[in-house]
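Below: one structure, written as structure tokens.
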């Protein structure tokens, strides 16, 4: 969330940012935040004065008694003070709740390089890498191809779990694991620490990682425990150091998470009922960085470069897209998507999301870094995240881009060492 000190000092920046996001409702919230914050600070001063007066009255009563004066008026005043203080405390508590409610929902401040646009149709293509191959035969649907060859079973998964699930079998299961190992080896070699996070998070932690009001509809909730199955390893890695203070010498902290991801809501395009693109459960290798504020834009480009390296080595054509103001969401200050070429759809589709969240998550999670030259000085650190590979979508890319005319699927060369040298599925 935004730091109240920033909103207080720069309301014009917040308002201008909301204008760029075309969010009329939240524009009205800024005045409410400022009014309630002002009320809280005024009543804080007032209560400090009332408490000081209470202490002064005690001294005056003693003086009156010594001088033989009647202290009854002072007793009456002293008796009224606790009620006044409590009334102010109650108003302050409500003001604090209102300020936090809106701050938790106001979006991050966008970087100046985020393009203006109304929705995903106005995202800006930054570059394209690789050339989609020309085909003189009709590609088979990846789901039907996988099912026909015994590499996946969608029908039995629907019986056991419902639509949007799948069994991976045989060499396709091994290919999924090969993708995981290849991505992990690539990222670990760059100094990232591998992390297997908890696959569930409690509500409090989830509320502080993301806007749960928006995100909750896509998540699986465990009712009795007030917990959620994770939608991405980003979330537990972000919450891992909540309420802690880093030393500057320990940053950047670079991690790569390995986890299943669980999503209830599949998206505007609906379920991929016989396929691997939009599903309820998938494995994802996720990059995550905590860093000093002045390093975060450099780190953002590093995360993107890492993901690009993986898809380039896999030989999959892709493009990088700078997400526009109307499509970027609440948490990121800037976000790139990588979209891989899907021949059956004859279009690029999202396979990687790469975000710089600046201080937005660290403010929510109360994660700070101590100044190396001033022990008492602390500031919010920055957090960043990026997909390395989501295996279900990468599998679809391979099944389509490496499919041969006779229905075989060539295994990308970089994955063959993880497949005991196998060249075709």
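Cβ coordinates come from backbone N, Cα and C, glycine included.
Feature annotation from Swiss-Prot assigns L-serine binding site to 232, 233, 234, 286, 387; the stated evidence is sequence analysis. According to its DSSP assignment, residue 232 (L-serine binding site) is coil. Within 10 Å of the Cβ of residue 232 (L-serine binding site) there are 23 other Cβ atoms, across all protein chains.
According to Swiss-Prot, the ATP binding site annotation covers 263, 264, 265, 279, 350, 351, 352, 353. For the recorded site, residue 352 (ATP binding site), the DSSP three-state label reads strand. For residue 352 (ATP binding site), the same-chain residues that are 6 or more apart in sequence and have a Cβ closer than 8 Å to its Cβ are 307, 311, 336, 337, 338, 386, 387, 388, 389, 390.
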Problem - Lowest local Cβ density among 234, 286, 350, which the record lists as binding-site residues, within 10 Å - result: 350
Exercise for the section: Given the binding-site residues 232, 233, 234, 286, state which is nearest to residue 263 (ATP binding site) when distance is taken between Cα atoms. Expected result: 232
Completion exercise
Within 8 Å of the Cβ centroid of 232, 233, 234, 286, 387, the other same-chain residues by Cβ around the recorded L-serine site are 235, 237, 257, 259, 261, 284, 285, 287, 288, 385, 386
Handout entry: Residues that sit under 8 angstroms from residue 233 (L-serine binding site) by C-beta distance, when 6+ apart in the chain
Key = 195, 197, 257, 258, 259, 261, 284, 286, 288
